[in-house]
């Protein structure tokens, strides 16, 4: 831009004038050059190396990723870093000019966006100069931070854009392209990393390069706005002209002219409403966190009582809105909303209470006050449509935030009262933020509700709708893995997994919530209701992707109905009925939801046994009655405050909050996707360490979440295959959790969740360091008692297929059930001739009753230690494998049962397989001294004696070493091989080897097989007679007896 005409005839002190758009041009050109130049150099010099990944190379993969291009090889790495360093100058200038273009006094958003721009630049430098080769973790952390910072930068730039239609259009297109590319990017990364699909990484690479192109192009659009700027270099003293000059008034005039407000700068935005809405969303998150925690702390008590305990009465903590029907209570609550909401936070502070009974009472009080407070708050603004909708939207966004937080914390909520700083909780920070959010939520004095309610409609029908709605939201949407596990049917995979497909649930929830806000008529008509019914039917009746399709329809429909249905209930003339009775109906559905699986322990349970279909029908019936109430209302409603036009600002904040939560969910997905394949602990020994544990629904004896403690024990015992029972936590009373997700990801294992929550069992799951090739789930005959779940899985262990059975039998009282189940399992285990082992809960004594059905000729199974008579529940059986160890480890305070572990060696050669098949029963039950075993087969010492953290080897003082030896050859084979007298092979054993001469005598000829040569030692070993000496003594001896070795290096395959 040329200087103003007012100054064109006067001497100019300006040395250089550059239009602002050249900053954008320079940034775009150098940034593209950095990436493209590195790509060209790499493709020409190291093509085959940079397209190769850990699984495939050319021609399966034929295009390099960004990381491989810029981080692995010289000189392309240096080329890239050289140009990216040059880019930093224009980059900082670009961010600075954007701030100058949009900044106004008293407005904070431009400062926040500029801060995000600087953060992006710094983190970009981080993942640029710290490559994945240098430090993989920090490279990923900085990369994810860059992507997260891109969200507010992108949204902020679009929001603050000057009124330039062309620039705004380009920014929106490029932003959608950037974030839209993240979805297939993550998908193909998982295809490559987890499923090892050839060619998937090439597709991922193209998507990754697309992100780079879109990202740079988004910033390039600033050229359309920066043409309004000129960067002026002014010689204020005239040194460059050879003249010293003072600043003139003309210079000040120019400065004043430049400083005038631009017509392109927004003037009406303030950051405070946005912060207020975020605080209200967090307050909604606190409500859902307390509500979803109530069931867990109640469940602790019937779990230990094995039946109704009386503490179940706390489930009625939600019906406090009924008190709104009492005028004095209603008036007091309306006048003290802030106090009510602050008192409700006692439920968040419950983690400070150690005693389980007191902690339950604290949570119950918090939920009681929270339900009362939210009902009063909604009622108080019900005459103001805009403010009512704002609070309802915050409430629903809080549910999405809760689901996102649970996903990031492996299905636990970090502010639940079962969490603390030792098991991953953030209770202290959560409580502090909860106090602030409650103060913000109650900051504006709400207009008192008048006597005018809406005409028409039924308080009862509205209450039924609210009850069904909250039950649906809680039971199906409070955790993104719940409906995925409804559709789970084992391996090979035919449907979604919690990681990464949980995001689809959040996306469907978000779309539904937006639809219900922008077009409520779309969600409240009978066509949408019909779609919801179809979705519920498909979810209930189908598995795999088909079932998950129904789940996504349910997520969309429930969230879409939430805003109009809750708003309708809030405007009703009797909120005591709509919410009080509504929550009562919700409670009845929760109990129904429990009764279908706990039928063996509750009165009248057999009437609804295994009828999840009835629950889904009841849910849709409740929603149908709520829809009827909505569609039958009289539309001639009296004028309310603010009904002429609902403000759009909070809807924009709502959409932005949903976008932010979706991005955070995707970031958590990226962090949770496994970066490497599971590896067994002792591969050289071909060892499988397998264990069985009843984990008591991941609640320890003091009502704390126990995943971390279980993880530590599994890791220290180096367990490769784990069967966990009582593991189905995907119910309201258990918090809709899934412990196996945390254990599998933290320990690096594959997981089969077992029969899903809609199969009405208490759960059985399998964790394995070995790939699960195939698995099927069985529900065993249970005519009287609870269903008995079984997993029959085939794993690939060291190249051999091994069958694993995980089984939980019926209760002691149900003898017929247990007999039928034993017969079923015996046939199932007998159906395979492969190596196999059973990890089980049998409820029988060794050698008695059903034990002899499990350990029988039909099943082919053997007891891991038939001499261990002190067992009742947990058993490990095996066949066609070499058993090398067995231990019983005390439970500490994690659960009510011990952890049983066994070690097996997988036979991989024909010789080893023949040995296993022909070994005698006595041989199979033989015990060894552990010091005779290789180090990799020994048990950890940390659990000997008093043990660690309450875990120790118990029942028998030491873990047992069992049958660790391997078959070598018969004496005849050995004699024939070693008959050449030229051979002089030394046979030796460790010093101090404790064998008496009597024990060394051969059975047939009374000849010592090996004899110590006194005084002769070599390298710390006692030397026994040579082969020649032994042959001379026993020349006529030909024993067809199996020789056995101690596994000591140097024994040349022979020993005792």
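Glycine residues also receive a Cβ, built from the backbone N, Cα and C atoms like all the rest.
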Of 142-161, 242-261, 262-281, the range TrEMBL labels transmembrane segment: 142-161
From 51-72, 117-138, 359-380, 689-710, the residue range that TrEMBL assigns the feature transmembrane segment: 359-380
Segment assigned the feature transmembrane segment in TrEMBL (from 482-500, 501-519, 634-652): 501-519
7-25, 653-671 - the range that TrEMBL marks as transmembrane segment: 653-671
Intrachain residues whose Cβ lies under 8 Å of the transmembrane segment (501-519), provided they are six or more past its termini: 183, 389, 393, 396-397, 399-400, 403-404, 407, 477, 480-481, 483-484, 548, 551-553, 555-564, 651, 654-655, 658, 661-662, 665-666, 669
Averaged pLDDT, computed only over the residues in the domain 'CWH43-like N-terminal' (21-227): 81
Distant-in-sequence neighbours of the transmembrane segment (653-671), which means Cβ under 8 A and at least six residues beyond its ends: 140, 144, 147-148, 151-152, 155, 179, 182-183, 186, 273-274, 277-278, 281, 393-394, 397, 400-401, 404, 407-408, 499-500, 502-503, 506-507, 510, 513-514, 517
Folded-back contacts onto the transmembrane segment (79-100), same chain, C-beta under 8 angstroms, at least six residues removed: 20, 23-24, 26-27, 30-31, 33-35, 37-38, 41, 69-70, 110-111, 113-114, 117-118, 121, 124-125, 128-129, 157, 160, 219, 222, 226, 229
Selection from 285-439, 456-633, 685-920, the stretch that has most Cβ pairs under 8 A to the domain 'CWH43-like N-terminal' (21-227): 456-633
Recorded stretch that, among 285-302, 526-545, 614-632, has the most CB pairs under 8 Å to the transmembrane segment (308-325): 285-302
Tertiary contacts of the transmembrane segment (526-545), as residues 6+ beyond its ends and Cβ separation under 8 Å: 483, 486-489, 494-496, 551-554, 556-558, 560-561, 612-613, 616, 619-620, 623-624, 627, 631, 758
